[in-house]
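The annotation compositional bias 'Basic residues' is assigned in TrEMBL to B:174-184. Here TrEMBL flags B:192-225 as compositional bias 'Low complexity'. According to TrEMBL, the domain 'Response regulatory' annotation covers B:30-160. Annotated 4-aspartylphosphate per TrEMBL: B:ASP93, in sequence order. Residues annotated as region 'Disordered' in TrEMBL: B:163-236.
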Amino acid sequence: MLGLDADRLRADLNRLLAFLFHQGILDEQYLQLQQLQDESSPNFVSEVVNIYFHESEKLLRNLRSLLMDREFSDYDKMGIHLNQFIGSSSSIGAKRVRNVCVAFRTASDQNNRAGCLRALELLEHEYCILKNKLHELFQMEQQRLLAAGVRYPMLN
Amino acid sequence: MARNGGVAWMRTTEKIDGYDLSTSDTEEVHVLAVDDSLVDRKVIERLLRISSCKVTAVDSGRRALQYLGLDEEIQKKETNGFDGLKVDLIITDYCMPGMTGYELLKKVKESSAFREIPVVIMSSENVIARIDRCLEEGAEDFIVKPVKLSDVKRIIDYTTTELREGEQREGTRAKRRGINKRKQREGDDDLSSSPPSTLSSSTSSSPSSSIQSATAPSSPSTLDSPTRRLKMTSSE
């Protein structure tokens, strides 16, 4: 019975992953991260992704407070934040988030404030989707491991 | 952050004593990784560890120079040439606040003590002018981010080959002193077997780099493998 659940969960997991790839939310770099996970580093993907969430939320807060400032003019600073966001997003395979950041950076390079505001709204939306989907992925992975009865060596 | 490993000591004393313990296959390459992004540091560290390297990861060019002992403000005392683990390879991000990867590259190549260390530049921007500038300044290679396992394996392969060739040259000199014949024979075997492995790792990574240039909107489609193309040009 346990075995069947694990198989079904694995199928669901693969279906979710295929969906995320098809929608362009994730790209092959995410698979690369999965390949780096093994018994010696069993939580590698979630560790990296959690760092990414933490850093991204800081960047989003910075971007929002820059644009909300009525006297805002420091597009260079915004460009720096965006470069960081582009870099880290591409490192974990967050394709759509990365693409919105690139469009955002273009608007910023043109000193287009309205364009930046629109891009920020879209970015926050895409980031939200990504975060929810990745949490869903991690939860399913946890359930699958439990169902498969995986035991990790006891560490003292 | 600086670890006192036994491995690099052993390799150096091998050279000094001039006789071969020949554990070069199992000796780990020590890589100094430089990136201001914590996400990227985590990823590059893991990529390197999985490729059997020792890794020291720092978050700025300044800290990299400090680690090497090149920081003008913090002069390291020479204690028979060793203050930490010897660095075999530096891999650095290009875009960093303060000192860019390019500036770090220049400082390393300007130093007599460290100019022989290969420096690899990573960048999320696929800009020809940037790549050319780095290669002209003496960079070993230029990787477009996101970095993949095949990129790291390729770099470690030729770093290891160059290290072994260096030791083989040492062995040749020792032979003229009448020592170390066994080491030279083993060095020849290594040299004859390494070119095919470099070629095969090149071909296996080309499909993934063409996918990469298709999905990354900013990269021109003609540049499937800029590093390989430019590396071939520079060796002609």
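Glycine too: its Cβ is placed from the backbone N, Cα and C atoms.
Across the range of the domain 'Response regulatory' (B:30-160), the DSSP-based residue counts are 52 helix, 25 strand, 54 coil.
Regional average pLDDT for the domain 'Response regulatory' (B:30-160) in the model is 90. The C-beta environment of B:ASP93 (4-aspartylphosphate), restricted to residues of the same chain at least 6 apart in sequence and closer than 8 Å, consists of B:VAL34, B:ASP35, B:ASP36, B:SER37, B:ASP40, B:GLY101, B:ILE121, B:MET122, B:SER123.
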